[in-house]
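Colleague: As listed in Swiss-Prot for this protein:
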BINDING   A125, A126, A127, P128, G129, S130, K131, E149, D176, D194  S-adenosyl-L-methionine binding site
ACT_SITE  C247  active site, nucleophile
Amino acid sequence: MAQHAVYFPDAFLTQMREAMPSTLSFDEFISACQRPLRRSIRINTLKISVADFLALIAPYGWSLTPIPWCHEGFWIERDDEEALPLGSTAEHLSGLFYIQEASSMLPVAALFADDNHPQRVMDMAAAPGSKTTQIAARMGNRGAILANEFSASRVKVLHANISRCGIANTALTHFDGRVFGAALPEMFDAILLDAPCSGEGVVRKDPDALKNWSPESNLDIAATQRELLDSAFHALRPGGTLVYSTCTLNRQENEAVCLWLKETYADAVEFLPLGDLFPDADRALTPEGFLHVFPQIYDCEGFFVARLRKMSSLPAMPAPGYKVGAFPFTPLKGREALHVTQAANAVGLLWDENLHLWQREKEVWLFPAEIESLIGKVRFSRLGIKLAESHNKGYRWQHEATIALACPTHAHAFELSVQEAEEWYRGRDIYPQTPPAADDVLVTFQHQPLGLAKRIGSRIKNSYPRELVRDGKLFTGNS
């Protein structure tokens, strides 16, 4: 594999020599950093099983190598990458997989280790959504996830990925993560803090990642990380699990941050060793039981993962000073709720008791029940999924609800051909040889919902959101 020129500050190399265990080769570290990163994907098991996905893409000639710490994760090699980018494939557009770096699958694997089944989870720094969607898949779209993102510009990307993957159990917030310990004390069964960091592990993806690197900036970042971890630990319930991770390699932002928490709260913090997380995990194991993944160990990005348990309750932080404001939604109950449910079921939209109906003017939403106790404590950017807008003739069902809730075996489902699916993704109406019988049509391809549409005469009127419409090649040549 070709090498690329990576910029290494001298002080960084000195720091890495000190941080790297004697069992690892520094020359191999430099060599690994200069190799381009292997592409990897994670199959979205909310939509398709691993076995069914592998059978589906078998004719394409894709070469998939299992990632040892993620059953649904694979390194991928494709001959047609230039002709058809991975993100433009039909399987990606319909949410069957997520393009995710292999090492970034580690934190969620650690969060759910030892058969852990949390019901309310926070992803404190969630964008662009790889780990939130991975958490949702591990939870089977049940319970609730609070996905927070401090960067306003990245919240939109986070929502787009959650929607594409058919996730219904998530609430989005836009806060500095340091507020949650005070705002939501001991409210979560599990928390993932994939902390902002100096990014030393990503040089294989970005050769200039260290252009602005300095030892001083590492210390500044570590100070912020301690405050975020402190907040996360206060938001975690006693007995709950917290995973702290970064994509950097220095000890100040990794081991030292976790040891600071232990020194601060002593017996309230228990480190949970990760040496048995997957075969050969001990090759990256630190004396504390953390995983410090240098890129040459598993041929992936550099990464750090620590898992800990909160053993006892902590004194509350000072109450937050902000005002949340009036909540603009009201629960939908009784006859109204039954009417919406029956109308949705009639077009193939189904949900269970994990989701509750709420209303705001003409909008109908589904909120995860597990998040309702947080209402009034924080301000949400988006909560649950928008199910419909009501109008004189009934309901206008929303695209994100169709992707998350539609049953592809419903009587109104209409399976598109490859050519018809390509037309659908391009925003064009479909003229099938044999039109569907029903006026309300659940459009599917590869037995996955693409949208709800209306049959008008012999055509199916395209309802694919304009902002999602694609041009160019969309399908693998021999699909």
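From the backbone N, Cα and C atoms, a Cβ is placed for every residue, glycine too.
Keep in mind the model is a prediction, meaning the values are calculated, not measured.
Show me how these features fit into the structure around them.
Modeller: When other Cβ atoms within 10 Å of the Cβ of D176 (S-adenosyl-L-methionine binding site) are tallied across all protein chains shown, the result is 12. In the three-state DSSP scheme, D176 (S-adenosyl-L-methionine binding site) is classed as coil.
Within its own chain, C247 (active site, nucleophile) has S103, S104, C197, G199, E200, G201, V202, E301, G302, F303, F304 as residues 6 or more apart in sequence whose C-beta sits under 8 angstroms from its own. In this structure, C247 (active site, nucleophile) belongs to neither helix nor strand by DSSP; it is coil.
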Colleague: Just to verify: the residue among A125, G129 with the fewest other Cβ atoms within 10 Å, which of the binding-site residues is it?
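Modeller: Lowest Cβ count within 10 Å among the binding-site residues (A125, G129) is A125.
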Colleague: Per 10 Å Cβ neighbour count, which of the binding-site residues A127, K131 ranks highest?
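Modeller: Checking each of A127, K131, the winner is K131.
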